[in-house]
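Shown next, in structure tokens, is the structure this report addresses.
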Amino acid sequence: MFKIYILKYVFISIIHINAALKTMKVKANCLPAVPPKLALSIIFISSLCCINSWNGSFVFDDSPAILNNPDVSPPESSSLSPQSPPPSASISLIRVLKKLIRNDFWGNKLTHKQSHRSYRPFTVLTFIIQRWLRGSLNPIDFHIFNLILHTFACLIFYYLLLRLLDKTARHLAFYVATLFAVHPIHCEAVAGIVGRADILCAIFVWLSVLFYNRCIYEKNLIILIKNLLMCVLCITYAMLCKEIGITAIGICYAYDLTIVHKKNLYDIITILKKESIKDIIEKNKYKCLVRIVLLLTCGLLLAIRFNLMGYSAPSFQPVDNPSSFINNLFMRYLNYQYIWSLNLWLLICPLWLSFDWSMGCVPLIKTFELRLLPVILLWLIFGVFFVKYFLNQKTYRDHRYVSMGLCMMIIPFLPASNLFFTVGFVLAERTLYLPSAGYCFVVVIGFQKLSRRFYKSRMPLIMYTVLVITWFTRSWMRSDQWRSEHTLYRSGLSVCPLNAKVHYNVAKNAADSGNITLAEAEYLEALRLNPQYAQAMNNLGNLLNNQKRYQQAKDLLTRAVGLQPDFAAAWMNLGIVLAALKQFNESKSCYEKSLSYRRNCPDCFYNLGLLYLEQKMYPRAMEAWTETLRLDKKHRRAWINTIRILDDMGKQEKALREGEKAKKVLPDDATIRLNIANILGKLERFEKAEAEFKRAAELDPTNPTIFTNLGVLYHRWHKLDKAKEMYAKALEINPNAQSAKNNMKKLENLIRKQKFKGL
């Protein structure tokens, strides 16, 4: 019923567009006021089209960017906990900010050779703030905030359009903003939490253009400088949200040329022929000052960016962006152009949407074939638009709007085009969030031209309405697929069946949900499509290891490290398999190899400790687990094994001290409390042991071992009735609990003997 009500509201909103437009009143020389009816419609439509994702989980890139990002979710106890004392909290905050400055979007050092050099500290900061406010990582909070940001972006875009358009054309702002709000290409940016970078970047880019507009028209030097500083600040923020933010400068220049001065490329060439650059600067001192400041800002921001990267480009694998690894320069750029045409097609017809487009999803063009037709068509369209709108001697109003729309579409896309540097993806839908604004602008101008040509017909408005409803419905459906990894990955199979990464993710999700048969089949399919897929080999090796198919697992993991020698996780997993095969020396070598590539890996130290434990080398095992806990204070298995090994070594007091430390870090872990209770029971500290057992039972009421051991405690404490009650409770949970059965028999025999003695 809720969904039906929402759809009904959207249809009613669209029907009343014309009536609402009549109420529009704006001022020419200030930021236009948004009419309440129109603003309300944009708010509802933009938030409702992707609202299915509000209660979604962390999916796909959200895991490495948020859950596994040490800057956002550090393995140790929260350094930004609201309960922390102010001094330590402030110190921790400074430490976090320092990390943000030198780390990339995924939490790795920017200068690390495996870093993709994606520098988005402002976006990461929003993740950290949300985690700090909640005290945990709740995906619902993140999704709702993304929806709010998308709505805000649509409103800012609407404001910008009101400033761009002439008085007589400002009614088009609502049409453009509405079309932008419902475009299905935005689902990845809105429903995927990492897409926040694109939304924030778009907001600051459009704000920078608005402040640039004020600079251009302002005659008071002080106010001009203030607006210029705000413009520069917004450009900086945009770049700190995502790299494409730097293109805001290009959009500002395009706005200045096409909208403010009503010029195109032909006009510029004509002016330069007639006047010298010095004369032009003399006539427009303030405006030229603004442009020079923006140009210097661009240079400064790029210099800082390259400095942070260590003046080195990111390194990618052929599977990330196969086109970039084609040796033939002509064929490489031909493939790039084919990808550009696919991006344009997704804007025109966003039907086939996929979370990933790598690994065979877009097969390479190696010879002249039919797939070159889209490339030819792309250049034909671009050529027609370029000649008509950029080189035309007569600059009509609609020509200027189309030129501006094309600039808004092309300029933000340039960083993802592979023209200036290689990117780590084939096609990414979220990178089209900002360019889609320009596309929607051009489309609405097209509808405007149709309505003029067929001024007596309502067909253009009907076509526009059908397009909005179609896109809204597609966004509604697509955002629902982004709610969980299961639905997201399954949807990718229908779009990219030849993409090994899609099958890999389906397999990974199936393994996590316990569907081992499907997981194995999908991993094998991923390896069939890409026999060099080291990550798939690693995960399948783990799967086989868990099934005790050690030899097969060993073969796969050996192949994985052979293909990718610096694959730290695969070296560690190979060490685990070799330890299971009792090849201890080889296992140790694998762990050491893994640590040489990833020194701060707590799991590797933990597994090394297990290897030493297997060899009865207890002090070394303790050293390994101490290092594990130094790297990750919440590593529960390391705490549990540390407590147990100290108990086995007869160091009960030290074991209890370690147990108290573990309780402070993991107060709600039943197994830790169970081990502490067992030690206290051995030391005949029955009351303390009873308290720990009871707390463990509260935390894990379905664990029969807790009740069995509590029964043993009461048994030794001579509280036989309570002991019997606990054994019965354990058997109620698990009738086959052998220890509880045996202890119950012993207890019953003891009670019978006592009764017999009493007689």
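Backbone N, Cα and C atoms are what each Cβ position is placed from, and that goes for glycine too.
TrEMBL entries are annotated by machine, without manual review.
Look at TrEMBL and you will find 6-24, 36-54, 142-160, 172-191, 197-216, 228-255, 289-308, 333-353, 373-391, 403-426, 432-449, 461-477 tagged as transmembrane segment. Per TrEMBL, domain 'DUF1736' is recorded for 312-382. Under the heading repeat 'TPR', TrEMBL lists 534-567, 568-601, 602-635, 670-703, 704-737.
For the transmembrane segment (432-449), the list of distant contacts is 157, 161, 169, 172, 175-176, 179-180, 183, 185-186, 189, 195, 198-199, 201-202, 205, 244, 247, 343, 346-347, 398, 401-402, 404-410, 412-413, 460-461, 463-464: same-chain residues at least six beyond its ends, Cβ to Cβ under 8 Å. Counting residues of the repeat 'TPR' (602-635) by DSSP class, helix then strand then coil, yields 27 helix, 0 strand, 7 coil. Counting only same-chain residues 6+ beyond the ends of the repeat 'TPR' (568-601), those with a CB under 8 A from a CB of the stretch are 534, 537-538, 541-542, 545, 548, 550-551, 553-554, 557-558, 560-561, 607-608, 610-611, 614-615, 631.
Counting Cβ pairs under 8 Å to the transmembrane segment (197-216), the stretch among 142-160, 172-191, 228-255 with the most such contacts is 228-255. Long-range contacts of the transmembrane segment (228-255) within the same chain, counting only residues at least 6 positions beyond its ends with a Cβ under 8 Å from a Cβ of the stretch, are 118-123, 164, 197-198, 200-201, 203-205, 207-209, 211-213, 215, 290-291, 293-295, 297-298, 301-302, 305, 403-404, 407-408, 411-412, 414-416, 431, 434.
For the transmembrane segment (461-477), the residues of the chain that approach it from at least six positions outside its boundaries are 10-11, 14, 18, 45, 48-50, 52, 175, 178-179, 182-184, 186-187, 350-351, 444, 447, 450-451, judged by C-beta separation under 8 angstroms. Taking Cβ pairs closer than 8 Å, the transmembrane segment (172-191) reaches residues 17, 20-21, 38, 41-42, 45-46, 49-50, 52-53, 56, 143, 146-147, 150, 154-155, 157-158, 161-162, 165, 198-199, 346-347, 350, 353, 355, 428-430, 432-433, 436-437, 440-441, 443-445, 447-448, 464, 467-468, 471-472, 474-475, 478-479, 482-483 in its own chain, all 6 or more past its ends.
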